[in-house]
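Asks: One structure follows; several queries about it will come next.
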2 protein chains.
Amino acid sequence: MHSLQVDLGDRSYPILIGPGLLGESAHFTNAIRGRQVLVVTNETIAPLYLEKVLAALQGFDKVDSVQLPDGEAFKTLDTLNRIFDTLLERRHDRSTTIIALGGGVVGDMSGFAAACYQRGVDFVQVPTTLLSQVDSSVGGKTGVNHPLGKNMIGAFYQPQLVLIDIDTLTTLPDRELSAGLAEVIKYGMICDAPFFEWLEANMDALLARDPAALTYAVERSCADKAAVVAEDERESGRRAILNFGHTFGHAIEAVQGYGKWLHGEAVAAGMVMAAELSRLRGWISATETERLRALLTKANLPQQSPEDMVVNDYLQAMSVDKKVQDGKLRLVLLHAIGDAQIVADTPKEQLVEALRACGAR
Amino acid sequence: MHSLQVDLGDRSYPILIGPGLLGESAHFTNAIRGRQVLVVTNETIAPLYLEKVLAALQGFDKVDSVQLPDGEAFKTLDTLNRIFDTLLERRHDRSTTIIALGGGVVGDMSGFAAACYQRGVDFVQVPTTLLSQVDSSVGGKTGVNHPLGKNMIGAFYQPQLVLIDIDTLTTLPDRELSAGLAEVIKYGMICDAPFFEWLEANMDALLARDPAALTYAVERSCADKAAVVAEDERESGRRAILNFGHTFGHAIEAVQGYGKWLHGEAVAAGMVMAAELSRLRGWISATETERLRALLTKANLPQQSPEDMVVNDYLQAMSVDKKVQDGKLRLVLLHAIGDAQIVADTPKEQLVEALRACGAR
């Protein structure tokens, strides 16, 4: 088992990574302070892992579970309310711990429910997708979508523990594995050039689900993200580099309707847009955008805008993105692979040209 | 103008108290960091004060407002969503400030909306009822109700400023003035015996809305509450004394349906129940419960259970109250007027007897 610590003062917590972890009681009993637990999962994950987790929780006084519908389309206040319904119907008090068993949607909603239930209860993440293991389970961003924007309602809320059972990746559909790799590639792009090179050399092993390669990629991604988050927990500055490709990606998700493109797929195309914009600005070369495109191709990820989206769709959607501050669009661009910077002065013409370079009409 | 500081490290904020404050631009411009504001109010308060506040906000770039339906019955996730709708439709970004103009319901929902919108934006309270001035605007508790329990969904979130315009009390209905006085009396009961005596001597002046008496009562209440909150912001211990009478009061509100009894009225009856329980325990004398009853009578507040509530209604409702921890009911009892303590070992028979002493069958 590998472990690393996310350093956030009195909100610090460990991430444990290894095979078979979600069935081992000790990890839960060590981290959970109360005697009540609610496992939040979804209809896809429940048949695969819920029984195993409930067995590992046998020692607690009150063990309940709730199954949410699967998918980003259900990441809403209404679905969130189902978690509150269960907590109240089953009379969970302030000492309860919410355990998120599932991907990013389950994690984001469970974490937000934990942040809000009785103004805050404990929270453990058991992410079961590559995307949630390397991204959403680290850093404390929780929340739900609004019809007018993604993740617009939420909280910064840290878990007591993140338990990454690498075995769960064996049941992950190919498309979701690839979507998770988009965020893995992102860490290489924004702050870890040696990791980017490692990914260029090891993408085949990752797609073949080689456990050692996956463990390494997950651990290195978590460590990269944890370092950025430790510097700037509430995203007042540098943490925003983690949004590389995301402002474009959110526009794709919002316009296409949540769930049609997977988050990682939208981010993949968004990273190419941000890279092209960096190139147009004269910061990186065409060689570097090509390396990104080649790695994404290897990972079976898109690099182009959805065919039916026009430039104006992006401009409109991006103007309500959270990265807008006092009316200025803030984007993450690259000086080199591994060296990102936040800018607020993108000329509209360059933005349009970058979008066109990625197929937006 | 009187001012006091709520001491919470980097979340400290000032409370300004005086006549005419809500029409004075300088208070807003001094406290608000961004260029966008959303005033959240309700249909009752809007005709009285909204225009004045909007005039004071003229200097900002983006000034919007939203009117919620009036009443505790609307303190729900659905109503909360109307605030998010407005923020997103009007394209408010992360630099926006939400201004709560109204009573406790408006304040609790606005504060919670501020805590959640884009994971946290700034927040200013302009409380217009006595209850919200002395209670809900100090201490950062925000949230909404759930059909199965009051304030079950929320956050601890501190404002940048609380602006108490004492003139707003001139338009407050008598019944709401009295309801506010319940919380004022509470501070005397739990931590400020000299203030309790002052209230015994000055209740007539308060009911006659003497501005000097009201200003003194508001300022002293805020100072008492601020001192308790500064010691224990997240209610891990002593802060819970502020819930004196509230566990009973919440039961009354929950069973009667929110809004039928005003919060302060329910708390008044609840304080008598808690006082009777303290007496049964041998902590305070019948003289002290009588002093409380006499002062509540003077303030036109109830001291008895609603006629249609039976003992079991209380026991059932109280078992889901937030003050339950690991299955134990935590209550605030009194050693003397001005000296409260939290206990978790109330014998059920004493609880039942105290409820009966207040008319529950």
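Cβ coordinates are placed from backbone N, Cα and C, and glycine is handled just like the others.
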Asks: Do you know which of B:Glu183, B:Glu197, B:Glu349 TrEMBL groups with B:His246, B:His263 in the Zn(2+) site?
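Replies: Record source TrEMBL; matching candidate: B:Glu183.
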Asks: DSSP says what for the domain '3-dehydroquinate synthase N-terminal' (B:66-178): how many helix, strand, coil residues?
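Replies: Tallied per class, the domain '3-dehydroquinate synthase N-terminal' (B:66-178) gives 47 helix, 35 strand, 31 coil.
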Asks: Which one of these binding-site residues, B:Thr129, B:Thr168, B:Thr171, has the sparsest Cβ neighbourhood, judged by other Cβ atoms within 10 angstroms?
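Replies: Counting other Cβ atoms within 10 Å of each of the binding-site residues B:Thr129, B:Thr168, B:Thr171 gives the minimum at B:Thr171.
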Asks: Compute the C-alpha separation of B:Asp70 (NAD(+) binding site) from B:Glu183 (Zn(2+) binding site), stating it in Å without decimals.
Replies: 21
Asks: Rank the binding-site residues B:Gly104, B:Gly107 by how many other Cβ atoms lie within 10 Å of each Cβ and give me the one with the fewest.
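Replies: Sparsest of the binding-site residues B:Gly104, B:Gly107 by Cβ contacts within 10 Å: B:Gly104.
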Asks: Residues near the Zn(2+) site, B:Glu183, B:His246, B:His263 excluded, by Cβ within 8 Å of the Cβ center?
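Replies: After dropping the recorded site residues, what remains is B:Leu131, B:Asp135, B:Ala182, B:Lys186, B:Gly245, B:Gly249, B:Gly264, B:Ala266, B:Val267, B:Gly270.
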Asks: Sequence gap of 6 or more, C-beta under 8 Å: which same-chain residues meet both conditions with respect to B:His263 (Zn(2+) binding site)?
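Replies: B:Glu72, B:Gly104, B:Leu131, B:Ala179, B:Gly249, B:Glu253 - these are the non-local Cβ neighbours of B:His263 (Zn(2+) binding site), listed in sequence order.
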